[in-house]
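What follows is a short report on a single structure.
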Amino acid sequence: MRRSLTAGLALVLIAGAAGLWLTRPVKSDPELFAGLTGEASRGERIFWAGGCASCHAAPDASGEARLVLSGGERLTTDFGTFVVPNISPDPDHGIGGWTVADLDSALRHGTSPERSHYYPSFPYTSYAHVEPQDVADLKAFLDTLPPSDRADEPHDLAFPFNQRIILGGWKLLAGGPSWIVEGDLAPEEERGRYLVEGLGHCGECHTPRNGLGLRDKSRWLAGGPNPEGRGTIPNITPAKLDWSAGDIAEYLSSGFTPDYDSAGGQMADVVRNTSQLPDEDRRAIAAYLKRVPAIE
């Protein structure tokens, strides 16, 4: 009996240790960036494609003030309220002291410099696709922006969601980066996939989620309840979005639909970002969206 109990306890300990190892916060290897030099001019393109200002600018900021990434926006969800952090280059209150590898750890692994899990209100499951050179370029651009000394505020989450240790299990369930739309894609469509599935993180809102907040990838971009709890997000697969590729590209540039309506709500902010992109990126997004499987 004693040997059975000892063996059982050993198995429990081994299983627990394995679970902790599998769900540990993962950081990027600094060697990944050896020989890479970030260029701010390229990083600005990554900045707008990634929609950084949409969350990290101060609430209601406009114009040049959107480049002060002081945070403070409150995201209300079924899990509680998340307060967006300061990612300005301030060394004390922002990310001015981060290395490129620190930024990559956050973007692609959802891990802080202190090796703790970030909540997936930060869309690192999409940013996991971002290329190392783009991370280096983004860091170079972020370092040129105005600093803010606004201190971060804690999230307002109820138990058990206020326990970051559970996020390792959530990440394990979410899986690693894999492309949704595969097959023989033209270079323009591949670029669009990178922008939509990766940097632009369109699936974070336009794809429905289950009770754990995991995206239902079988209904990719088919719309669903707003993750922030207000209204619904539309289906942008070809089953519902019947615009031409040119119409889509124009909407991402001007915000005007083929029916001369205009983008509103959260999409108005998205268009403020996509309007800063070069024409070829907007055309690439449109080309990709025409290749997405139609889902009713």
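In case you wondered, yes, glycine gets a Cβ from its N, Cα and C as well.
If you look up Swiss-Prot, you'll see C52, C55, H56 marked as heme c 1 binding site. Sequence annotations record features per position, and here Swiss-Prot assigns heme c 2 binding site to C202, C205, H206.
When Cβ neighbours within 10 Å are tallied across all protein chains shown, the highest count among the binding-site residues H56, H206 belongs to H56. For C202 (heme c 2 binding site), the same-chain residues lying six or more positions away in sequence with a CB closer than 8 A to its CB are V196, L221, I236. C55 (heme c 1 binding site) sits 17 Å from H206 (heme c 2 binding site), counting Cα to Cα. Around the Cβ of C55 (heme c 1 binding site), 19 further Cβ atoms fall within 10 Å across all displayed protein chains.
Other Cβ atoms within 10 Å of the Cβ of C205 (heme c 2 binding site) number 21 in total over all chains. Taking CA atoms as the reference points, C52 (heme c 1 binding site) and H206 (heme c 2 binding site) are 18 Å apart. Sequence-ordered, the extra residues of this chain that approach the heme c 2 site, with Cβ no more than 8 Å from the Cβ center of C202, C205, H206, are H201, G203, E204, T207, L221, I233, I236. For the pair H56 (heme c 1 binding site) and C205 (heme c 2 binding site), the C-alpha distance works out to 17 angstrom. The Cβ of C52 (heme c 1 binding site) has 21 neighbouring Cβ atoms from other residues within 10 Å, across all protein chains displayed.
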